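The transmembrane segment annotation in TrEMBL covers 12-33, 45-65, 135-160, 180-203. The domain 'Palmitoyltransferase DHHC' feature in TrEMBL is assigned to 104-231.
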Amino acid sequence: MLFMMVKLRLLNAIAPAYFYAATVVTFTLHFLLFMPTVFRSPDVALNPTMLVHIAVFLFLMGNALGNYMMTIWYPSESANETAIPVCSPDCPDRIDAHYLLNGRHFCKVCKKVILKRDHHCFFTGNCIGNRNMRYFIMFSIYTSCCCLYSLVIGVAYLTMEYSISFENPLTFLTLLPLSTGYFFLGLISGLQFFLVIMLYVWLGIGLVSAGFCCQQLLLVARGQTWCELQKGQLSEVRGTWRVNLIDVFGSRWALGLFLPVQTVETVPGNWQVYHDHKHD
């Protein structure tokens with residue numbers, strides 16, 4: 001158990017650093033390579049098409065980063081509980097959390113009591129629960145959109161700069177293994193090989209974020225959490241999907257779809273009182 005906790009804490013430090021590094025690389029590639037090449041015009045430095053794509057990219061990136069920070073700024077910890085439960089060696093709960101009562105968990109990584117805990121997100125170094133689930137879902141949506149958008153622009157850049165044709169669907173599937181061999185044979189530059197790797201990174205993150213977001217939305221609509229799914233407590237739907245979505249996204253949910261602003265008014269430590277009142 002000690003070795004597992006060390007690995008979890010190490011992952012809790014490495015994952016955010018990976019996210020920040022990928023963000024900086026993506027931002028740099030867009031403005032130093034992709035935009036000037038894909039949307040260049042011999043007449044003007046900033047043509048309308050380039051400005052539109054810059055606006056779209058900044059909108060997606062801004063919302064992804066904004067909701068990422070909101071997920072960290074609004075943790076789902078209970079302000080009324082400071083006692084740390086001591087688990088026995090044969091504790092049946094998961095290695096990263098200890099179940100208390102009434103939708104509360106003690107996260108062994110955060111060392112806090114979390115209200116309505118869904119899971120611990122290592123990319124934010126924070127637990128996802130009743131206060132920041134909305135921001136986490138929007139972070140996942142915009143991260144997926146930003147990565148898939150970068151994938152499309154990156155493919156366009158490789159097509160224009162290196163004359164790589166993607167008309168055949170098999171081109172993308174064989175691009176990484178072929179590029180790896182060509183790089184070690186000295187047939188392509190390090191920059192081209194790095195761009196190919198980034199295409200697969202964007203594709204992987206984009207698809208994983210989209211799939212995970214769909215799962216979270218389904219659980220939210222049912223009024224349930226990932227912790228309950230793992231414990232097999234999905235026997236019934238709690239409330240209507242509309243009420244459950246408003247509980248998570250807040251009354252100003254429409255504004256939160258386009259701007260990373262606070263839309264959830266849940267008070268820390270009072271979730272269970274509100275939850276019991278709602279379902280009486």
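Keep in mind that glycine also has a Cβ here, set from the backbone N, Cα and C atoms.
For the domain 'Palmitoyltransferase DHHC' (104-231), residue counts in helix, strand and coil come to 82 helix, 14 strand, 32 coil, using DSSP. Through the fold, the transmembrane segment (180-203) approaches residues 22, 25-26, 29, 33, 147-148, 150-151, 154-155, 157-158, 162, 172 of its own chain, all at least 6 residues removed from its boundaries and within a Cβ separation under 8 Å.
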